[in-house]
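Taken straight from TrEMBL:
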- 104-250: domain 'EXPERA' (DOMAIN)
- 32-52: transmembrane segment (TRANSMEM)
- 72-94: transmembrane segment (TRANSMEM)
- 106-128: transmembrane segment (TRANSMEM)
- 159-185: transmembrane segment (TRANSMEM)
- 229-254: transmembrane segment (TRANSMEM)
Amino acid sequence: MVASRWRVCYCLDAIGCSHAAGGIILARIQELLTFLSSPITPPLITMVNYIAHPFYPPDIDLIGYAANTMSIPVLLSVFALATLTIVGFTSAVLKKINPSLSRQDKMLACWFIFSGCIHFIMEGYFVYNHKIMPSRLDLLGQMWKEYAKADSRYMTMEPFVLCMESITAFAWGPLCYLISWMIVANSPYRHPTQMIVSMGQFYGDVLYYTTSIAEEVYHGRSYSRPETYYWWGYFVFLNAFWIFIPVFCIYQSYSVMAAVFRQHAVHPGKKSL
């Protein structure tokens, strides 16, 4: 009887948490619809008079904080230009060293090079400078401070973000470069490695999303500024690439490896790789 009551209480609590999380998501969607139907107004003009920094929640204490000197359009343009340069240069090199690559493999090789740069350079920069991020005024530091308007955990040495980014930068980053080479070389180790890295990317991104949302659900504490485009544009959109593309890579590698095992089951004496 006690066990049954415990199960009922647990189920009710889980249902309540699901409703709370659903409420947060619905509220965010309503904010997005309101934003899309209203004119854009400068986000920081009224806030600068009341807080010492533009991050949320306003009560976080950032020692040594220095405001960005580069404008938002400049920072976003530099990031977009760097992305196009990396992808364009990688694509040109791939055509030269292995013109027989399929279009899909070329795209995935470009993805892993780009992903490796984001992990090892951008996220590696954060891990190395995590104690002094609020004061950084170089290009990468200002990019991180712009992104942190959507997730202030990058300014506060939050343990989960630091641990997750450390693994991402120094494990998945170099392995992304390795996978790109494996794709070009048609290595038999490509798909096992691709599945491991893609699973790590997917799992890390899911935890990244859910820990932030759970903080808002359970404690009413949001790490994103109230302007809708920070949460939807920076937090949701930019990180969604590391959800959907790794899922495709996992599916691809799973299918290839499953086909090899099926072939081995039909022809047990035949070498498949």
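The backbone N, Cα and C atoms fix where each Cβ goes, glycine too.
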Who are the chain neighbours of the transmembrane segment (72-94) in space, where the CB to CB distance is under 8 Å and they lie at least 6 residues beyond its ends?
101, 106, 109-110, 113-114, 117, 139, 142-143, 146, 180, 184
Under the DSSP assignment, what numbers of helix, strand and coil residues are found in the domain 'EXPERA' (104-250)?
125 helix, 0 strand, 22 coil
